[in-house]
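Enquirer: Pasting the relevant annotations from TrEMBL:
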type: DOMAIN; residues: A:558-664; note: domain 'TMC'
type: REGION; residues: A:1-31; note: region 'Disordered'
type: REGION; residues: A:56-83; note: region 'Disordered'
type: REGION; residues: A:119-144; note: region 'Disordered'
type: TRANSMEM; residues: A:266-288; note: transmembrane segment
type: TRANSMEM; residues: A:351-370; note: transmembrane segment
type: TRANSMEM; residues: A:441-465; note: transmembrane segment
type: TRANSMEM; residues: A:477-504; note: transmembrane segment
type: TRANSMEM; residues: A:524-547; note: transmembrane segment
type: TRANSMEM; residues: A:567-592; note: transmembrane segment
type: TRANSMEM; residues: A:620-645; note: transmembrane segment
type: TRANSMEM; residues: A:666-691; note: transmembrane segment
type: TRANSMEM; residues: A:741-758; note: transmembrane segment
Amino acid sequence: MSQLPAFTLRVPENTESDGQEPSPDNEGALHSSFCELIEEQSSLVAGAIEMELQERSREPSALLPPLDPMATAGLEPKQGEQHPGYATTLRILANMPSHTIGRSRGAIISQYYNRTARLRRRSSRPSLQQLSHTARPSLRQYDLESDPTNATLADKQSLLAKELLSLPPAQRSQVLLEVPLSLEEKRSLRRQLSQRRSTPGLRVHSSEPTSPCAWCQDCIVLGCRTLWYRFLALIHAAQPWHYALKQISGRFGSSVLSYFLFLKTLLLFNIISFLLLLVFVVALQAAYPPAVASPRPFTGLELLTGAGSFTHSLLYYGYYSNTTLNDPSASSPSGSTSPSRATQLPYNMPLAYMFTIGANFFATCILLMYSMYHSFLKSYRVGSSTGVLAIKIFSAWDFKVVQRHSVKLQSENICTQLKELLAEQRLRSCPLSLPQRLRHITVLLLAWLLALGTVLGCVVAVYYFSELMHMVQQKQGAAAGSVWLQEGVLLALPFVVSLLNTLMPHFYNLLAAWEKQDSPEAEVYVAICRNLLLKMVVLGLLCYQWLSRRLVCSAKECWETCVGQDLYRFVVMDFIFTLLDTGFGELLWRLILEKKLKSKRRPEFDIAQNVLELIYGQTLTWLGVLFAPLLPAVQVVKLLLLFYIKKTSLMQNCQSPSKPWQASHMSTVFITLLFFPSFLGAAIFVSYTIWWEKPSETCGPFRGLQTIYQTPKVWVELLEESNPNIAWFGWIPQYLVENTVFLFFLTGMVLAVIYFNIQVLRGQRQIICLLEEQIANEGEDKKFLIQRIHCIYDDKVHCA
Amino acid sequence: MGNKQTIFTPEQLDAYQDCTFFTRKEILRLFYRYRDLAPQLVPLDYTSRPDVALPYELIGSMPELKDNPFRQRIAEVFSESGDGNMTLDDFLDMFSVLSEMAPRDLKAYYAFKIYDFNNDDYICKSDLEKTVNKLTRNELTPEEVSLACEKVIYEADLDNDGKLSLEDFQHMIIRAPDFL
């Protein structure tokens, strides 16, 4: 700050009281806007009487709260005893620049005027002396009136309109939408803007040159915006399940809604995968079906086992041909069944298959990262995590809930949460004794050991069960049993795995009830951790078995189709067990509670478990896309059915959740879980299969090759043979993808970007701490000034 | 999309579209909701800008607001006259701010005004006590309410004046991802 004049108070000669506390003359520079203001007010203090204090009806609470532990020593007016100059001090405080923001319209307009000016200039804050009068109207608000006269208001409005005009149109419309004025004022502002725009003479004052280009640009942008509005309107009309979701959120709140939104997201992913695969792989193969042995008749069992008549169908890998379809030069193996077509476009099926799968994963990856980014933006905030109680009071109310009974329940929930928080804070002030803490830690350790032990036990059980099934199958293969029994045996392993996946979460719930964690959020995290661990470890074992093919699909020639069938069975079994779980867990439990136990309580919708089931099902689909290209379609059907079944069960059987649930935070966690173990694991599995596994000799689009990955190389060689000019194309995979230096470079770049972001975050946190300190210091300054004013007033009163 | 509606002039509709977060269809739908509250009071022709304000009792009977404990404050904050009687502009403004498309800062500003029961531009302890009582339907004991309010002021008051100003409130709400 530049040099400011020494501050002299108009006080009488005897200023002994100054000796007791530091006088303002010794302090550093004061804020210059306070100078004039305090001079003005101290001259008014002598003649001021109570001004409209009764109208304001403030509580006679202490200005500095007696319970504030940060209160420094000073003149603290006791409760009930008011300082005579109190009312005036309050008026001064109320009219301080920072506190008039948000009160009067003039203040809002001024504030927004400043903001837009800053937006336009984007320069550092200019020093106070250099500012012209019109640039900082907020400093001019020295009047004691709370509402400025109409003339000043109109002036301020026209100032704001002028500033807005010099902004680019996109920002202008954004500011117009976000300024917290009433709709009428916004409309009048908008009218002013359009008036000014149409009369270009007035724009001479603005710094932007008036050129036909700028005007054209404006028109184009405005036209685009209207088109965008129309497009948005269409999209909103086309939202599926809009009313159903509103019903659910109206009765159960945003926590349960987040599950259904997650289901909608998964549905979107699967529909995109399905469309990609349909257009590029399935439809074309369906148009040119390969010659196949006489298919078995359709029995109902195929829907469950995926074998039988489904084996040699579009559903599985084995059906797809490894030649170029509709190749005009070669004698097509499918020539006998293909209808005579006018088009002669050859279509390289193996290449298409591989690239479509790759594009599918790539698109899913991009979409997932985008969802994660969006979700993260909404839920993560840089800064400390204090202020739990305040945040709870102001953000706990879920405004989506509209039904009376649910509203009453929500009130009870908030009541319980507040009581718990207060009790917890009281507890924190008196922590547990040592033996209690030890006991608590041992209980936690035991619970975790038990959980890990059960995971290990389940894995071992699945392993031995699959060995058993393998032996049974071999015996059955030797002895020709009925088709039904043979196929039924195939269902045993998925049955057992799904059973474990359904029963273990309930066991973990019991464990959590015994454990009694500190906070409900910790409970949810621990439950998610344990269930996810179980599911992923079991899936890991199954993947290993599929790849090694020692126990599963060992005898089959076309192992990819076999693995695809296995995955299909897992998906179907998972669906059946979800239905059973909904039926028993919710419907039956409600009936028992109502009829037998005669309690009013109903079962609750366990959000974490249901979301983890969805993630598990989606992982299976991603694992199986390579081996069964129509698996996303199966998943789409499954998700559609699941939506309606879950919604019906929810409406009939469940009650509103009683545990606190941070909806946006948990949505981010779920999307991250979908990406990190689920999608990445599936991507690694598929990459491994493409890079290292030898495809089977007799079926599928990659028969005869060493690995699936060789397909593009073969194609590039073919290209080079046919046309030597494009030999450079072959260099791309060789130097980019296989070259380890390039991959290291890429990884290095990604790591550098992550490191940079971490440093930026760290810097932001530091700045936030500094700014908070600064605000606290300003508060101290204010207190000091108030005390000085009171001193002056007392002196004057004593002198007079 | 040329619908031949005669309720608003095209300029009026454009103005509404620019100043709220709604599309044409949504604005018309909201108009019909407004009109359904009192068909005999609200004319079908707004081109002449009639001065019609529906009383608070009708607004408060809407299903979205009926069971909301803050419905009176919401109506008071958004009504021009401050007593809860809303014109169509106030009505549209209210739904625009409460919709999902409104940015957080705007919502935080209006939330502050809603929680400020005595309209003194600060959320003081009495305002907080009223808020907590409305949230919990008077189920907490007065000591607990008092303790909760003191803790809130302690946590959120940055400049230590014993009350929450708009800046304190906004600073705290920025850190709350679930604020709707």
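Just so it is clear, glycine is given a Cβ too, placed from its N, Cα and C backbone atoms.
What you see is a predicted model, and the numbers here were worked out from it, not measured in a lab.
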Enquirer: Within the domain 'TMC' (A:558-664), count helix residues (DSSP H, G, I), strand residues (E, B) and coil residues, in that order.
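Expert: So the counts come to 81 helix, 2 strand, 24 coil.
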Enquirer: With the transmembrane segment (A:441-465) as the reference, which stretch in A:266-288, A:477-504, A:524-547, A:567-592, A:620-645 has the largest tally of C-beta pairs below 8 Å?
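Expert: Against the transmembrane segment (A:441-465), the leading stretch is A:524-547.
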Enquirer: Cβ under 8 Å, sequence separation of at least 6 from the ends of the transmembrane segment (A:477-504): give me the contacting residues as numbers and ranges.
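Expert: Here the qualifying positions are 301, 304-305, 307-308, 454, 458, 461-462, 465-466, 469, 531, 534-535, 538, 542, 552, 555, 565-566, 569-570, 572-574, 576-577, 580-581, 613, 616.
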Enquirer: State, in range form, which of A:266-288, A:351-370, A:567-592, A:666-691 has the highest count of Cβ pairs under 8 Å to the transmembrane segment (A:524-547).
Expert: A:666-691
Enquirer: Same chain only, please: residues at least 6 beyond the ends of the transmembrane segment (A:567-592) with a C-beta under 8 Å from a C-beta of the stretch. Say none if there are none.
Expert: 303-306, 310, 315, 490-491, 494-495, 497-499, 501-502, 542, 602-603, 605-606, 613, 616-617, 620-621, 623-624, 627-628, 631, 634-635, 638, 641-642, 645-646, 649-650, 652-654
Enquirer: Mean pLDDT for the domain 'TMC' (A:558-664), as a whole number?
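Expert: Summing pLDDT over the domain 'TMC' (A:558-664) and dividing by its length gives 88.
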Enquirer: For the transmembrane segment (A:351-370), give me same-chain residues lying six or more residues beyond its boundaries with a C-beta closer than 8 angstroms to one of its C-beta atoms, as numbers and ranges.
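Expert: 268-269, 272-273, 276-277, 280-281, 284, 320, 622, 625-626, 629, 671, 674-675, 679, 683, 686, 690, 701-702, 708, 711-712, 715.
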Enquirer: Would you mind listing the long-range same-chain contacts of the transmembrane segment (A:266-288), meaning Cβ under 8 Å and 6+ residues beyond its ends?
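Expert: Tertiary neighbours of the transmembrane segment (A:266-288) are 314, 319-321, 325-326, 332, 334, 337-338, 347, 349, 352-353, 355-357, 359-360, 363-364, 367-368, 614, 618, 621, 625, 629-630, 632-633, 635-636, 639-640, 643, 674.
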